[in-house]
Amino acid sequence: MKRHLISAADLTRDDAVLILDTAEELGRLADRPIKKLPTLRGRTVVNLFFEDSTRTRISFEAAAKRLSADVINFSAKGSSVSKGESLKDTALTLEAMGADAVVIRHHDSGAPHRLATSGWIGGSVVNAGDGTHEHPTQALLDAFTLRRRLGDGPGTDLAGRRVTIVGDILHSRVARSNVHLLSTLGAEVTLVAPPTLVPVRTESWPCEVSYDLDAQLAKSDAVMMLRVQRERMNAAYFPTEREYARRYGLSGERMARMPEHAVVMHPGPMNRGMEISAEVADSPRCTAVEQVTNGVSIRMAVLYLLLSGADSGPQPAEPTPASTQTNAPTTTRTEESK
Amino acid sequence: MSQNKILIRGTKVLGGDAADVLVDGETISAVGTGLEAAGATVIDADGLVLLPGLVDLHTHLREPGREDSETVLTGTRAAAAGGFTAVHAMANTFPVADTAGVVEQVWRLGKEAGYCDVQPVGAVTVGLDGKQLAELGAMHESAAGVTVFSDDGKCVHDAVIMRRALEYVKTFDGVVAQHAQEPRLTEGAQMNEGEVSAELGLGGWPAVAEESIIARDVLLAAHVGSRVHICHLSTAGSVEIVRWAKSKGWNVTAEVTPHHLLLTDEMVRSYNPVYKVNPPLRTAEDVTALREALADGTIDCVATDHAPHPHEDKDCEWGAAAMGMVGLETALSVVQQTMVDTGMLTWEQVADRMSHAPARIGRLTGQGRPVSPGEPANLTLVDPAYRGAVDPAHFASRSRNTPYEGRDLPGRVTHTFLRGRATVIDGKLT
């Protein structure tokens, strides 16, 4: 693994599988009475959040604490200094305090990349969501959840699995990271949205784009619903909430047309009645709550692998059988597109 | 005061055969071979190309108001270092150059600095607000003699205001230089809308936002029989529209910046704000179309859009960074690399695109003139064989926001003369 985790596109198939396998191992901690490992004792992890995000922040916080790291939460939101000055000056401050890793959430796409390449800090940078760019740990926890739910064990990837991602692709960092990661892991990804909510040029993306949700349901192993902000309709991305829900919302009726084994995913927070009906959200096929649990394991794995300098998990994972390795062309394309 | 005589010996005039050029006082007195002049300062210009002093239609000198990024003095020193003898100072200062008072101030500061002619551009609308016409006539009649009007940085997006401005400037042969950017289509825009913006998750600035305004404005100019100039044209589609308008015989001119001739939106993958500029860097296809259009004359001239910004406005994340690049001191090198060394333009044509044409559009007399006896001695000597990496530490500009740091560029301005007075000698400002 590289020193930073900025984009899901930075991960090779083997990197990604290693993270998932490590998360499996670390996730077992949650079943123990004392949920703590001494691995990162004496290391400092800073949660640098320029944007409100309670769930992602506490997920990273829990992950770092379970590995015995010292955690500093730095909420820069509402700072009166200009945005640029505050990122650089904040970074220099954190560097002076000896941060070993900075977990950054920022409203500007590319801010974590800038932080990692500007020379302002020396520690590892973990992207916890930047603007409308990427959210790699979310994609990792989604892949982790998928692998578990679809019954694939450690060492395996998602070869041949069909994942349909539905919603505001244009503004979604979750979608971008998932397109990269899931295709690297061998899955076939289809994005579904009204044309207004898809970027104008996605030809090079390793996925399909469709405007028709109903056409995708029967062949999906998983349907991932993205949060759609109601305010988008004021900018004419869609006419009304009602029309959006009718055409792109996942109702019980639509869920019934998915294969029996297929799951419904949602990164949260959910807009019940908008992109997902209450019936679907509360059904056992919906993995939303499980995704939150898995998020802690994934973030532990990421921090562990970035900070401990280890090449493998705490209890080395089984070597991956060559036969399960896929070299789908989309993987290569993702690598090239970096 | 005795007349200052300079003999430029063995220079390739406009890239042609070696000749001698004699400057006597403020004018060129002779062009020929084997010229002798007792008492003249002799410049050995073997291998150097002689061009008429370059003219920039689009420079941000930032004074008054943002003297932390540039002043008229530092900006005109940068201009001279880049081979320019005249620059058009854009109106988006603080206060805005929308009155006779402000344009006269800028004009006077240019005179005092003495490094190149500073021709102020007047704002089209009060405060660049797009609502009420500024006193265009008063600015024209002022000592600054403004003929070019622009709200650059902002588009004159209201069709009626644009129409009236085009009509109004006819009385004094003025021109409206349009920053073509449909505001609604570019809300939150951070870079060219396309494959790269889709991947990077940065707000897209679609080509159609430029092209739709250009299409409207060439039609308006034709309708009212006026003259429109398109600032920093950046897309292949814009080229097609201007080509079509010219084929109709309409009075439209256009400029392209050096950076749009060289750089593409692929650079933005670094998220390095030195590549953040408005209009944004486009695709390789656009770059090709722009080069071809400059070569065939569809695009009349090169203009730098020199846009200095203080270090802190670029030393930050992309979204927070200011838009713009400095360009005066690298413009000729970029044009050499993209147009001359590729065989698309001769040096004679470079003289047209970087001196004659912009002077003609700006109605500057005494600039952009032929290299002939009796003409004002506004001259630039270039060493086209020079190769070197760009080092912003050596810039005369107060700002360093160049996208070319460390990049090898060809060509170097060795001498610049403003009406016979050297402003640059052996690559150094006087």
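Every residue, even glycine, has its Cβ placed from backbone N, Cα and C.
Unlike curated records, TrEMBL annotations are generated automatically.
The local packing around A:H135 (carbamoyl phosphate binding site), expressed as other Cβ atoms within 10 Å of its Cβ over all shown chains, amounts to 27. Summarising the annotation, TrEMBL assigns carbamoyl phosphate binding site to A:R55, A:T56, A:R105, A:H135, A:Q138, A:G268, A:P269.
In the three-state DSSP scheme, A:R227 (L-aspartate binding site) is classed as coil. Neighbour count (other Cβ atoms within 10 Å of the Cβ, all protein chains): 18 for A:R227 (L-aspartate binding site). What TrEMBL lists as L-aspartate binding site is A:K83, A:R173, A:R227.
Under the heading compositional bias 'Polar residues', TrEMBL lists A:321-332.
Each residue of the domain 'Aspartate/ornithine carbamoyltransferase carbamoyl-P binding' (A:3-147) gets a DSSP state, and the totals for helix, strand and coil are 69 helix, 27 strand, 49 coil. Annotation source TrEMBL lists domain 'Aspartate/ornithine carbamoyltransferase carbamoyl-P binding' at A:3-147.
Taken from TrEMBL, the feature domain 'Aspartate/ornithine carbamoyltransferase Asp/Orn-binding' applies to A:160-306. Across the domain 'Aspartate/ornithine carbamoyltransferase Asp/Orn-binding' (A:160-306), DSSP classifies residues as 61 helix, 24 strand, 62 coil.
Per TrEMBL, region 'Disordered' is recorded for A:310-338.
Among the binding-site residues A:R55, A:R105, A:R173, the ones whose Cβ sits under 8 Å from a Cβ of chain B are, in sequence order, A:R173. Neighbours of A:R105 (carbamoyl phosphate binding site), defined as other CB atoms within 10 A of its CB across all chains, total 26. Residues A:R55, A:T56, A:R105, A:H135, A:Q138, A:G268, A:P269, recorded as contacting carbamoyl phosphate, have a largest CA-CA distance of 16 Å. The residues near the carbamoyl phosphate site, meaning same-chain residues not in A:R55, A:T56, A:R105, A:H135, A:Q138, A:G268, A:P269 whose C-beta sits within 8 angstroms of the mean position of the site's C-beta atoms, are A:S53, A:S59, A:A128, A:G129, A:V174, A:P267, in sequence order. Cβ neighbour density within 10 Å is lowest for A:P269 among the binding-site residues A:G268, A:P269. Distance from the CA of A:R227 (L-aspartate binding site) to the CA of A:T56 (carbamoyl phosphate binding site) is 15 Å. A:P269 (carbamoyl phosphate binding site) sits 14 Å from A:R173 (L-aspartate binding site), counting Cα to Cα.
A:R227 (L-aspartate binding site) has its Cα within 10 Å of the Cα of none of the binding-site residues A:R55, A:R105, A:H135, A:Q138.
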